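Record features, source TrEMBL:
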- A:75-109: repeat 'PPR' (REPEAT)
- A:178-212: repeat 'PPR' (REPEAT)
- A:279-313: repeat 'PPR' (REPEAT)
- A:380-415: repeat 'PPR' (REPEAT)
- A:416-450: repeat 'PPR' (REPEAT)
- A:595-687: domain 'DYW' (DOMAIN)
Amino acid sequence: MLKSGVHGNNFTFPLVLKACAKLGSIRDGTKIHTHVFLMGFQGDVFVQTALIDMYSKCSNLSSSRHLFDEMPIRSVVSWNSMISAYCKDFQIDESFGLLKQMRFLDLEPSSSTLVSIVSGCSGSGFGALWHGLSIHCYGIKLGLTSDLLLSNSIMSMYIQFDQIDAARALFYSMAEKSTISWTAIIGGFIKIGDVGEAFNLFNQMRQEQISLDSIVFINLSSGCTQVGRVFVASSLHGLIVKSGCDCDEPVENSLVSMYSKCGDLVSARKIFDLVHEKSTFLWTAMISGYTHFGYPNEALNLFKILLNTSSRPNEVTLATVLSACADLGSLSLGREIEEYIRMNGLDSDLRVQTSLVHMYCKCGSIERAKEVFDRACNRDLTMWSSMINGYAIHGMGEEALNLFVKMQRQEGIKPDSVVYTGVLSACSHSGFVEEGMKFFECMQRDGIVPSVEHYLCLVDLLGRAGYLKLALNTIEEMPEPVQAQAWVPLLSACRKHRDIELGEFVAKRLFDLESHGTSNYILMANMYISIGRWKDAATMRRLMNDKGLVKEPGWSQIEVNGSIHVFLVGDQSHHRSVEIYEKLDVLNAKLREAGYVAETEMAMHDLEKEEREEALRVHSERLAIAFGLLSTEPGTTLRIIKNLRTCNDCHSAFKFISKITSRHLIVRDGHRFHHFESGSCSCRDFW
DNA sequence: GTAGGGTTAG
């Protein structure tokens, strides 16, 4: 308008200002304001009101208030705009102040006034529920109960504060209900986790032939996400396609997210691939699906593809990608991603920093994790939990507990259930029995009801430290559903302390509970082997086979020059396999010279002693180490990730290897980290 | 002609 020389009148100014408000463009808005003056419209109530709205939407509340104060005559809409401006800025008291002034001036608020103020209440703290309630009463007093918009906004306010009964009562009392009313109540039930009721209402809505739109479907798909059932998801998808809403961008995002969270990654990917203009939301939903269902490689590949498009990852995308990186255990990739984060100015986001801490801990670099942690400002509970948990899995119990104390004393942050899991796990990995029991009590005194994880940590803590009877008594005092799971760590402790009698008792309880996890059979079989009861061990294996259970094959990976090499037990498929086995021979000779004796207890009983040693030698972690030694400069730290727990023999061999080769070996097994250096391990053989 | 209701990714 300005450039073309077309002159505004008091009709066009509000329209143009509305456009500025929508764009949030304060520069254009101010220019228009100048023209308002030049054209002599500064006294027009319509124009002034539009200016108030424009300034507030361009985050310039003081200009709005200034204009409002200077107005000689105000319409109800002017008041509404100003009230709405304060509500959007969460200044609920200011907007209530204006409402009071209106009543003082004998100006009757319109339903819109109340709509604005009620939506302002929804965005404020819990105390605002009382304000919201008072507005509901005021609306009744003013005879505005039949106003659809007002009823919808009051209903949404109740939903916001989880007052589903109040919302439902209002919903059923409404003579007129729109798609928005139905969507609000459906969304309300989804919010409180009652997805069944949400779908009941949805069916009722369809029976009453209320028109359906994208937003109701987005709500329902988020409900499906909670339930996690693929068949519900696909039938909803069918309805969406039938309604023709499936090509709406937010709906596509929700569908991908829904299928991803239900674990149907194939369906999610199908929709994802069909979308032409992929938003960051869409990319993130797909990447997070891969991450959460254990496909970190696919997640990271997709992220690489994303980087070659015009879409940009945001903080949430990067937090997800870092989590994939943590699962994969690729330190070099993690560092590359950190570099990307830094280059793109996303490094000040706390969620990203927390994911970095988590990633570095899980990739074995506790030092880098600590650096990121130290750099972060305004650390929240999640950040502290990540660092505490990091120390826990690295067996650095003292550091974990110090941090826990610091978090409470210095920062005044109240611990939650998650951080206590980290603390108990730290105690368990470091053998701090007394402290662990103390924290378990402290936690309950803090009003936290122990979860399954807490109980499992406690049993693990007691069992691992050899207090088997105490662990048993603890289990017996646990709530029934927890007991079933708690037998597993106790069985593991029995195996460690070779308490065959208790082990058999525990195994019986486990098998009675039909808890037929492969690991339970393996634990029992190994326990029998360790005391020479070969026959019983064979029975265990047979029972396992009869049930069609297969032992998870062990694998280890090592990252060299940015690429990951995976080895299976006895693997000969690596292109440098010959060299690897030669290196192992040399290494074994040196190991024997250094006094290492192979522990053969875990080997197959029907093998000869030499054969047993042979079987142990080719454990996947040994192949990974040999390859690492072959392909890196002397003195380079080697980081190995293994899916199962390291066996006693490999643990002992690694201590020797670290001494012979003067290498720092960092091993992440199925449970924790081991740092081998100069012949000893950070776990002090307590694992 | 100005204000005002339901929305997806960790």
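Just so you know, the numbers here start at 1 and follow the chain as drawn.
Including glycine, each Cβ sits where the backbone N, Cα and C put it.
TrEMBL annotations: computationally assigned, not manually curated.
For the domain 'DYW' (A:595-687), the model's pLDDT averages out at 82. Remote same-chain residues near the repeat 'PPR' (A:178-212) are listed as 148, 151-152, 155-156, 158-159, 162, 164, 167-168, 171, 219-220, 222-224, 226-227, 243, 245 (criterion: CB distance under 8 Å, separation of at least six residues from the stretch ends). Panel annotation: around the repeat 'PPR' (A:279-313), residues 249-250, 252-253, 256-257, 259-261, 263, 265, 268-269, 272, 320-321, 323-325, 327-328, 330, 333, 340, 344 of the same chain, lying at least six beyond its termini, place a Cβ under 8 Å from a Cβ of the stretch. Secondary structure of the repeat 'PPR' (A:75-109), assigned with DSSP and counted as helix (H, G, I), strand (E, B) and coil, comes to 26 helix, 0 strand, 9 coil. Residues in the repeat 'PPR' (A:279-313) partition by DSSP class (helix H, G, I; strand E, B; coil) as 25 helix, 0 strand, 10 coil.
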